[in-house]
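Trainee: A single structure is presented below for examination.
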Amino acid sequence: MPVIDVAVPVPLRQTFSYTCESKLAAGVRVSVPFGRRQLIGVVTASYDDPPGADDSTPALKPVSEVLDEQPLFDRTLLSLTDWLASYYHHPVGEVWATVMPSRLRKGSPLSDKSPAYTLTEAGEQEALSKTLKGKKQLECIALLASGPMAQEEVKSRFSSAVLKALEEKALITATTIAHKASADWSSFTLQQTPPTASTEQGVAIAAINQQAHHFVPYLLDGVTGSGKTEVYLQVIEPVLKQGKQVLILVPEIGLTPQTVGRFERRFGITVGVLHSQMTDLARLNVWQQARRGELGIIIGTRSAIFTPLKRPGMIIVDEEHDESFKQQDGLRYHARDLAVKRAHSENVPLILGSATPSLESLNNALNKRYTHLTLSQRAGGASHTQLKVLDSRDQPLHAGIAQGLVSIMRSHLQQGNQVLVFLNRRGFAPAVICHHCGQTVDCKSCERPFTYHKSQGRLQCHHCGASRRLPEQCGECHSHDLQTSGIGTEQLEHGLGTLFPDVKQVRIDSDAVKGKDKLITRLDEINARKYQLLVGTQILSKGHHFPHVTLVVVLDCDGALFSADFRAAEKLAQLITQLAGRAGRANKPGEMWLQTDNPGHPLLQDLINNGFAHFARQALQERKLALLPPYSSQAIFRAEANEAGLALNFLQQVRDCYRPSVNAAKGGFIGPLPCLIEKRQGRFRFMLVLQCPQRGALHSWLKHHLKEVESLPLANKVRWSLDIDPVDLS
Ligand SMILES: Nc1ncnc2c1ncn2[C@@H]1O[C@H](COP(=O)(O)OP(=O)(O)OP(=O)(O)O)[C@@H](O)[C@H]1O
Ligand SMILES: [Zn+2]
């Protein structure tokens, strides 16, 4: 009987064999018995005679059910999945579980039909008699009179209230229709006249169009507001015209209806959207439409890189430096790196766009592995934002803002412009301190001070989410003199209200703006000039277009200047540059002030005097001297346990596993040492970094001893993980 290998969703780095009536194609889902459970796995290989089997081989269990007639994925995605398991040294069953939409993971059938609406008999009568009162309801009946229509399309034209009313009156009902199979987007006509490309945009567009039929990686390195999105719009036009699909990845926060709207408005075609806040069903629908070749443009966040494409034409990663492209748990993949891999195997062009490219991508561009396209000027005649520092040492502060800055803010506000104040700390105050003994009120599980949230009257731990009432007295000395220390956005908002009582302000952080819809409403209101003062955390720094902002104020960036994370400087420079990019985007010039106690800090001085491009080249030199990525490759073993000793011990044993071949790999260790956040939710956290000058050497070194690590007795007692190409040391 044929034997199949199945990737089963369990944390083991192997596949499992089962017997089956007939051989199955790789990528087909099967339901299999596993211990006492029944699990859904994916076929990775089939054999008539399993390799290495003899009479002593234990009898295999049969597959319980075959779920698909066709593999879920084409060859390219199948090989990408193999690659993921081997590159990230991750259990293949868990890789499949990450790559599949969750509905498919749970066994939903892969359907060729889409949900639709149709008229009931009563509805058909109504189409003739037209007795309904509601105008919209009548329109909907008239539309469906010509036949069933995809629910998605009906929903795009009528509100859910209209549809609900018609369903309640039993005039329309849900049904399914066979999907359309044609790439009908290719016959679009441009809905807008594109602006004339600037010289630099023109060069970039021509370069990409010239080699549109095979894999070429581009770094589109364009200052904020330089018209990168306009370049994407112009280069995808011919791709769509040929009936090919374009996959666009954007950071989690950057995916707003504004972004999607820009593409829809230009081409007048439906754009498929994929992000983590959609329902599983909605995601599966878009996934299937893309797979069947019904969508010309798919825009999505990180996991959209796994979307199957029937006719792939181009892949774009916007804001490629953004950390949200790296998954931070489970399979810790980097969607940007996967995009490179995927574009290569699909043999289509890849555009990585950013005003502040990651040092990895910049290095690839400088080495000519990527074609480097630069846009150094802002589009439409907007001028660059001026960067300045304000020395806050010995200055009296109002609501955390130095007097000099308050005057600058006032003058911008008086001219009717908007001012953005950035503080990356939500809540009222980052600590509550006993004025008598100096003890802070700490989260016991994380051993870090609680943040005070005044609006809720509660303390909240920003590491584990724990929350408690504000105590009445100090836990150490029982003094009642508890005071807040430091400033968060909530307090800043209060303070600004006192400083500028007549100015309307809005706070944008994850406390004030819960959910995507609210963020979108606020962003629209900002651009409609409902507010003049915008206060917020890094949600405000990402890709938004604020034409009326002329001043950006950054409070307290000093913490990041002295971080132990070697990437901190790169991240801070990206943040400052992106924030500066929010100002002066239209016809009014913009300025940015950094309030700091370290005005002479070389990083700030370099950014101010020479800009991000210079900073980045300088930072690459430093990484080269220190043999840090991208001039070496890293992997991190992390371990967490309730007892610090267990986690530390485990990592020491991991190091012992790897030590015998450290010289052969030309490798090195850093640690084990505590993570930057040493304790979280009651667990102590440690890490061990493995580093090699060559990527290949690191991977064979890792692979060589991973089995030993897995069989360490402590491996079952601590929570451990392996992170390849880590970007976050917290
Ligand atoms: N060639 C052009 N002529 C006139 N206006 C343009 C041109 N290209 C882009 N614009 C306009 O300039 C503004 C900024 O462009 P766009 O949003 O494409 O820049 P970006 O580089 O993607 O921005 P960021 O990375 O800062 O978010 C937009 O309003 C856009 O419509
Ligand atoms: Zn905590």
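From the backbone N, Cα and C atoms, a Cβ is placed for every residue, glycine too.
Below are the features I grabbed from TrEMBL:
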- 209-375: domain 'Helicase ATP-binding' (DOMAIN)
- 400-631: domain 'Helicase C-terminal' (DOMAIN)
- Cys434, Cys437, Cys474, Cys477: Zn(2+) 1 binding site (BINDING)
- Cys443, Cys446, Cys461, Cys464: Zn(2+) 2 binding site (BINDING)
Trainee: Same-chain residues six or more away whose CB lies under 8 A from the CB of Cys461 (Zn(2+) 2 binding site)?
Mentor: Cys443, Ser445, Cys446, Arg448, Phe450, Thr451, Ser467
Trainee: With the Cβ under 6 Å from ligand 2 as the test, give me the qualifying entries from the binding-site residues Cys437, Cys443, Cys446, Cys461, Cys464.
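Mentor: What lies within reach of ligand 2, judged by Cβ under 6 Å, is Cys443, Cys446, Cys461, Cys464.
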Trainee: Please compare the binding-site residues Cys434, Cys443, Cys464, Cys474 by how many other CB atoms fall within 10 Å of each one's CB, and tell me which has the fewest.
Mentor: Cys464
Trainee: What same-chain residues, at least 6 away in sequence, bring their CB to under 8 Å of the CB of Cys477 (Zn(2+) 1 binding site)?
Mentor: Cys434, His436, Cys437, Gln439
Trainee: Round to the nearest Å and give the CA-to-CA distance linking Cys474 (Zn(2+) 1 binding site) with Cys464 (Zn(2+) 2 binding site).
Mentor: 22
Trainee: Over the domain 'Helicase ATP-binding' (209-375), what is the model's mean pLDDT?
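Mentor: Averaged over the domain 'Helicase ATP-binding' (209-375), per-residue pLDDT gives 93.
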Trainee: Whose Cβ lies within 8 Å of the mean position of the Cβ atoms of Cys434, Cys437, Cys474, Cys477, the Zn(2+) 1 site, other than those residues?
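Mentor: Not counting the recorded site residues, we get His435, His436, Gly438, Gln439, Gln473, Gly475, Glu476, His478, Ser479, Asp481.
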Trainee: May I have the list of same-chain residues other than Cys443, Cys446, Cys461, Cys464 whose Cβ is within 8 Å of the Cβ centroid of the recorded Zn(2+) 2 site, in sequence order?
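Mentor: Counting only non-site residues, the set is Lys444, Ser445, Arg448, Phe450, His462, His463, Gly465, Ala466, Arg680, Gln681.
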Trainee: For Cys446 (Zn(2+) 2 binding site), just count the other CB atoms lying within 10 A of its CB, please.
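Mentor: Other Cβ atoms within 10 Å of Cys446 (Zn(2+) 2 binding site): 21.
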